[in-house]
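A.B. asks: Provided herewith is a single structure, encoded as structure tokens, for subsequent inquiry.
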């Protein structure tokens with residue numbers, strides 16, 4: 001009876017007590033879970049207890065006290081876990097070290113969630129009978145767990161499994177930059193957290209407690225660029241090795257390429273690419289339109305590439321390679337219909353694929369031949385007798401430039417490359433002679449600052465100038481100047497322009513402004529407007545005073561700078577060349593020499609230009625006439641004079657020291673200069689290094705340098 005009396009107050013209290021705390025929210029997608037929790041035995045109402053069960057109730061009281069103590073101990077251990085890790089949701093699949101530190105917490109947390117679900121879903125009398133705790137005890141425990149921040153939803157609690165997996169990764173690697181190769185599942189979870197933080201559509205919102213936990217371990221909410229750059233470098237290495245970007249689908253780079261295409265298209269759940277990333281990908285002709293790797297196409301392409309390597313061209317004979325000719329015809333037709341990808345077009349262009357079937361010559365090979373001809377003869381006046389193929393090709397390029405004939409029009413890049421050799425586009429040979437004379441007078445003007453050429457000094461130039469005056473005045477019997485010729489002549493101070501307005505430059509500039517206003521501030525290319533594009537190229541040449549071009553006036557240069565005029569030509573390699581050249585000019589103006597530090601990017605570029613001039617740099621394109629002229633104009637040394645310049649700098653330092661102190665440097669007081677002086681003495685006696693020159697000997701003796709004895 002004593003045990004019965006003890007149980008009655010408890011049962012009455014449980015019936016009267018109705019807690020106000022609502023249970024934590026639970027997802028209804030999961031079925032009812034029933035579990036027999038072994039913390040405490042089941043207790044029934046007093047009127048249902050028989051004499052036989054009264055004894056069992058006595059034993060259950062002891063078990064009840066024991067279970068109270070067990071639960072409190074586990075709860076205290078859970079509190080200890082929270083103090084160490086910032087939350088009280090022990091993971092289901094905890095790391096080994098965590099399991100050893102808290103061996104029973106995983107079971108305890110699982111039991112509390114099951115007990116909560118039993119209480120939540122007590123829908124039948126059978127489920128009530130399976131309850132393991134009275135309502136009062138259960139409510140108190142749930143309240144204590146809820147106040148601690150315990151997550152009763154099993155699905156939501158799985159978040160902490162990944163959180164601790166990330167913690168373990170950080171402890172093992174020292175950072176949180178997980179890659180797909182290391183742990184693709186964890187990498188995807190990290191991306192999901194960023195989407196949840198941003199509130200991306202389709203993702204639930206990340207709670208403040210979860211955000212604080214991730215912030216505490218240094219979670220990076222924005223993806224690091226170094227991971228992106230590592231994949232980009234891997235992509236560049238693949239292209240350098242294979243010559244294309246047809247990455248196999250088994251490679252991790254293939255999945256990365258797909259993500260970049262999705263980011264460019266701003267697809268759902270993909271962050272946009274930065275401007276720098278877009279530029280880097282454009283530089284390697286990244287395939288923005290997703291295409292399936294066409295293995296059959298690649299096999300045929302490789303076959304054609306081998307043919308080009310063996311024969312030097314991509315025009316197989318029908319008698320021996322009929323299938324290859326058929327495949328080539330199909331590629332031309334696909335490109336015309338827009339069915340070839342940009343990557344396939346780039347690969348075919350790389351081997352000089354003839355997009356026009358009746359074109360007997362390819363641009364890269366013939367351009368190289370034209371460059372070789374110029375280096376040998378120092379002019380481009382090729383005749384049919386000298387080289388009929390080259391002469392025919394040059395005529396074809398002029399027709400392409402003017403948009404006549406059956407060949408496709410020239411690209412801006414091809415035009416820029418031809419003008420590097422100072423190529424004249426005129427179809428009439430008389431007009432080409434006119435341009436040669438203009439180039440000669442332009443160089444005379446840049447050197448002397450005037451064009452007052454006398455008949456005795458240079459009769460050919462004198463007569464040419466007189467002829468231009470008659471054409472300008474539209475004298476009877478003389479052909480009037482064309483618009484292009486008038487533009488060029490107005491750049492020079494001829495005497496027949498005195499007191500007369502020069503309107504050609506302003507007229508072309510106004511036409512350019514009209515075009516940009518209509519076309520959204522865009523500058524025209526050759527296909528849009530050949531005349532304006534030619535005028536723009538002419539201004540770029542004038543900005544650097546290239547061969548045959550008169551420098552811009554201060555006013556003209558200021559006007560072009562105000563509209564952000566593009567001063568660099570088309571093409572990545574050409575743009576880089578001019579950028580490096582401008583850096584070299586600034587360095588030369590500042591220091592007066594070309595001794596760039598070896599660790600600077602400009603130094604290997606200088607060595608490369610010397611190699612291109614000697615034809616020893618096989619991997620680089622041949623140096624052009626325009627580039628040679630620009631480097632010669634600033635006194636660029638084609639053979640390195642680093643030793644001589646450094647010797648002169650050290651000598652000047654020695655002279656300054658002697659003038660200041662009235663003596664030569666001493667051994668201990670000025671060790672650097674003293675060692676240099678000893679080295680010059682060793683060179684004089686042929687003991688070390690290259691023999692000293694007579695000029696250097698003379699300079700040293702002029703300041704009292706002694707070759708023997710003490711300095």
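Every residue, even glycine, has its Cβ placed from backbone N, Cα and C.
All annotation found in TrEMBL is predicted automatically rather than curated by experts.
Below, the features straight out of TrEMBL:
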SIGNAL    1-16  signal peptide
DOMAIN    69-150  domain 'Helicase-associated'
DOMAIN    157-219  domain 'Helicase-associated'
DOMAIN    225-286  domain 'Helicase-associated'
DOMAIN    294-353  domain 'Helicase-associated'
DOMAIN    361-423  domain 'Helicase-associated'
DOMAIN    432-494  domain 'Helicase-associated'
DOMAIN    504-565  domain 'Helicase-associated'
DOMAIN    574-636  domain 'Helicase-associated'
DOMAIN    644-705  domain 'Helicase-associated'
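Show me how these features fit into the structure around them.
C.D. replies: As a whole-number mean, the pLDDT of the domain 'Helicase-associated' (157-219) in this prediction is 80.
When the domain 'Helicase-associated' (294-353) is classified with DSSP, helix, strand and coil residues number 42 helix, 0 strand, 18 coil.
Broken down with DSSP, the domain 'Helicase-associated' (432-494) shows 38 helix, 0 strand, 25 coil.
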A.B. asks: Counting Cβ pairs under 8 Å to the domain 'Helicase-associated' (574-636), which of 157-219, 294-353, 361-423, 432-494, 504-565 comes out on top?
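C.D. replies: Stretch with the highest Cβ contact count: 361-423.
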A.B. asks: Where, among 157-219, 294-353, 361-423, 432-494, do we find the most CB pairs under 8 A to the domain 'Helicase-associated' (504-565)?
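C.D. replies: By the under-8 Å Cβ criterion, the domain 'Helicase-associated' (504-565) pairs most with 432-494.
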